[in-house]
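Beneath this line is the structure, given in structure tokens, with notes to follow.
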Amino acid sequence: MEEYAFNKIAQVSNSQGSTSKLQEKAVDEGDQKSQKSLVSLILVGRGDRETWTTKVDFLLSVVGFAVDLANVWRFPYLCFKNGGGAFLIPYTLMVLLAGIPLFYMELSLGQYYRKGAVTTWGKICPLFKGIGYCVIMIALYVDFFYNVIIAWALHFFFSSFTSNLPWASCDNDYNSQSCYEPTWSQDNSTECAASNGSLASGISATEEYFYKYYLGLHYFGAPNSSVAASISNPGPINWERALCLFLVYVVCYFSLWKGIKMSGKVVWFTAIFPYVVLAILFVRGITLPGAEKGIDYYLRPNITMLSQPSVWQDAATQVFFSLGPGFGVLMAYASYNNFHNNVYIDALITSTINCGTSFLSGFVIFSVLGYMSCKSGKPIQDVAQEGPGLVFVVYPEALATMPGASFGGTEAIITALSDEFPLVKRKREVFIACLFTFYMIIGLSMCTNAGMLVMEWLIVYGTNWGLLIAVFCETIVIAFFYGINQFVIDIKEMLGFTPGWYWKICWTIVSPLFLLGIIVSTFINYGPLQYQDYVFPFEANVVGLFFAMSATAAIPTPLKILLN
């Protein structure tokens, strides 16, 4: 095998001077370490590949991908949904026993093979090359709706420059008689409203603006609502939302069309500026009257919630949505690293930043929720039901400057297909334009009155199930098909040291068992999809199940071909 590798080097020595020098050193000086590195260089398929301009570009790109809407809204809302501080217990366990180990695993695989997801899994185990196709399909499905959310944020960003915020008044045609204005904006009162006050039974102007005016969606359960969008009756396209979506894709295109050299510079803004905004909102939030009420709700655990399987399911999906294993993005980004880059430290740094951001976002959200509860007189659990509407009013600027996640998902697809199909790499600009055109067409369905319903359907059927199954298959292939010992040897070749027993146990036993348990409980507790008071029709659920299988069906395909 080594002789074959050296023969291959000899054939390309004229075009790969640095590799030839390494070969000469290995042969003439008998440097066994260099010899093994050279053999690995050829056998694994590493060659001339673009690399990050600086190490910081890579770290910020990973942070920009991992720190996204899953941190700033989904995490604090799931804390509310699943018993406040009680949710932190399964979340922390999932992070330590599955999230960070799998985060480290994917970064290591990407850096070692220096290829995208499809080619990498084909080299690891040809029988399961389909895992690569599965993860890029999941990334594709996520891109469908993530960019739409960024477009919503863009609208709020532009609207925030007006002297009178459109979501702060009940004097609009679409407002109901139950609408109440955020009167705390006009006074400096530090007293909280009574919990049985008239405001407690009303609907905030913010809520009505977001759901009734901007989305055109009937806010289910709201009195005097007349609009009732549905999957079968989506209504017309809102061209204002469509224009915002188009602008998002224009920005993404010019950030990605020239490769990581360009996107690596863009993330200096998209990954750092949101932290500036979050810090400002955090300081402002904790100084508001009633903030302590929201923070207490956020941190006080309701231990009885831990007996419900849905709490553990939400914790697992949140970890994967937040840290990002299973999308192929981590592999794609790490594939542009230098071979001996210390990916272990990178994994610890970026995953810690990610989890810290989630925790900080919880303080930001719940301090404002306590403030709203204090001033409106509504119980905090009722205020929190505003869900995404609250986010798009509290910090639209933060969301409008966070397209790092959409960069990552698209880059994962481009890298994977470019490594597998050279034509895609040669025609990168054209491919990205076609891909974003396809995204735009799909995104128009979420620019209708039923856009929120379409998004909920995509989140549940397009990502949740496929993501868990894909990551579970990754752990099984590495642990038992490729071999955990071989994987450890690969890491030692890159980093110069062997991963400890903690990582080996997580990769081979703990992570697969956690994932298997969550997958089984998810199927056992499956029920028809529902968004607030709207129950999706039978046909939508049937199509959703087939859609969910569309990504995972790619996993065993190579095995079936070989058996046939």
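One is the number of the first residue shown, and numbering goes on along the chain from there.
Including glycine, each Cβ sits where the backbone N, Cα and C put it.
Between C179 and the candidates C170, C192, TrEMBL annotates a single disulfide bond, the one to C170. Annotated pair G64 (Na(+) binding site) and C179 (disulfide bond), C-alpha to C-alpha distance, rounded: 37 Å. When the Cα atoms are compared, C179 (disulfide bond) and N354 (Na(+) binding site) turn out to be 37 Å apart. Of the candidate ranges 85-104, 242-260, 315-336, 348-371, 430-459, 430-459 contributes the most Cβ pairs within a distance under 8 Å of the transmembrane segment (130-154). C170 (disulfide bond) falls within neither a helix nor a strand when secondary structure is assigned with DSSP, and so counts as coil.
Sequence-distant residue pairs (6 or more apart) of the transmembrane segment (315-336) and the transmembrane segment (465-484) include at least 3 whose Cβ atoms are under 8 Å, placing the two stretches in contact.
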